[in-house]
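Everything on this sheet refers to the single structure shown next.
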Amino acid sequence: MLAAVQHKTKILGVLSIAQLAAMLIWYNFSAVLPILKQEWRMSNDQAGTLLAVFQLGYVIAVLFTGWLTDRIGGKLTFVISAIETGLASLGFVFFADDFTSGMVWRTLAGLGQAGLYVPGMQILSRWYGTSERGRAIGIYTCSLVGAYAGAYYIAAPLAAMYSWRQALLWTSIWAFPAALLVYLCIPAEKGEGLPASPTQQEDASGPKRAAALIMGRAAWLIIAGYMGHMWELYTLWGWIGAFMTHVLTLKGIDAATAISYGGALAATCILMGGFSPGLAGVASDRYGRCLTAVVALVISGLCALFFGWLVTAPVWLVILVGLVYGFFIVADSAIFKAGLTELVPAGSLGLALGLQSVFGFGVTIVSPKLFGMVLDSYGWGWAFAMLGIGPVIGTVCMLALRQLPEAKAMAGGKR
């Protein structure tokens, strides 16, 4: 028993470290965005487009990687994807010199990122039962948040001191050690892990699998709730560095210092979310997936309504609200993932998680660009307030899901 616990804990640790290293690429671009906006003479709309095409690359690839994970396993999918995203990000470092070339390389980098988080989560779902899966996936999600914060922490000061290319270089190369770590330390998946849960043991082949996935109300409600969550989350993470830099610039701080400190403040706000998925995962194991998610959605939605209007407020107040926002906006992320793994048959899990990612990240193609358009026309207040649409949708979906009998499959019946 002890050996089994130690083995699955090792798997969780290895996947979390590898994901942290490989996913620095996601927001290293956002950390240097204020510099690139000036160097490439971009509008906020164009900056939002560069954020959006990365998400587009992710969405294009994620269904394929879900299928690939079901065929060759999460381990090899992760390894291949980490190498691809590392190469594409290095391509941006050495060859991107304007808006158009930047779009190409960021799209390619997004393709590889699609094969990291979801395959790792599918591996974890084999080793952790429903009573502890929320905690495990919560910890795994914490490493993802750590990667996003780390990208700002590392890239922003490097860009201010040296150049944006140096900053992106030193946050891209870690994808290759991540691939090696997973290849060497994660065991083959055949025949290992826990037996499927009663829900997952149901015949899920052929038409029955498709029907279970396509017609399941509970699965689609949790996917729709995830879409609301993602509408807000990835746009905040993509734009908060530019917002913090702008706040400091308005206080009379010089550009280089504002970029460095603005990136650090953005990273700190994001890093606050490094604790919340694990805590929310534990809470959802105890009190239910839906109820815990609703609490996080309501608080993050309120923050969205007010955050942008603080652009001229005292810096301490901006930081305080940003820390609260950063904590709650990601708290429910693992809940949507863990809940879906409990609602679909085991044979459909890779496809189901792929569909959730397609729809969830699909809205993140639109929201960062729309944020930039609103910012150009109406300013920071309305741009952030627009993000509040997502938590409203997410709250409605999770409350509806809680009323369905199928929701008893989650968290040992706690819904």
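Backbone N, Cα and C define each Cβ position, glycine as well.
Over in TrEMBL, the protein carries these features:
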DOMAIN    1-406  domain 'Major facilitator superfamily (MFS) profile'
TRANSMEM  12-29  transmembrane segment
TRANSMEM  49-69  transmembrane segment
TRANSMEM  76-96  transmembrane segment
TRANSMEM  102-124  transmembrane segment
TRANSMEM  136-155  transmembrane segment
TRANSMEM  167-186  transmembrane segment
TRANSMEM  218-240  transmembrane segment
TRANSMEM  260-283  transmembrane segment
TRANSMEM  290-309  transmembrane segment
TRANSMEM  315-336  transmembrane segment
TRANSMEM  343-367  transmembrane segment
TRANSMEM  379-401  transmembrane segment
Tertiary contacts of the transmembrane segment (218-240) (same chain, 6+ residues out, Cβ under 8 Å): 27, 30, 48, 51, 55, 148, 266, 269-270, 293, 297, 300-301, 304, 322, 325-326, 329-330, 332-333, 336, 339-340, 343-344, 352, 355-356, 359-364, 367-368, 371-372, 375, 383-384, 387-395, 397-398, 400-401, 404, 406-407, 409
Here the stretch out of 49-69, 102-124, 136-155, 290-309, 315-336 with the most C-beta pairs under 8 Å to the transmembrane segment (260-283) is 136-155
Between the transmembrane segment (343-367) and the transmembrane segment (102-124), are there at least three Cβ pairs closer than 8 Å, leaving out pairs fewer than 6 positions apart? yes
Chain residues in Cβ proximity to the transmembrane segment (76-96) (below 8 Å; excluding those fewer than six residues from its ends, i.e. six or more beyond): 15, 18, 22, 25, 28-29, 65, 68-69, 102, 104-106, 108-116, 119-120, 165, 168-169, 172-176, 178-179, 182-183, 186
Tertiary contacts of the transmembrane segment (12-29) (same chain, 6+ residues out, Cβ under 8 Å): 36, 50-51, 54, 78, 81-82, 85-86, 89, 92, 106, 109, 113, 116-117, 120, 123-124, 127-128, 136, 139-140, 142-144, 146-148, 150-152, 154-155, 167-168, 171-172, 174-175, 177-179, 181-182, 185-186, 237-238, 241, 270
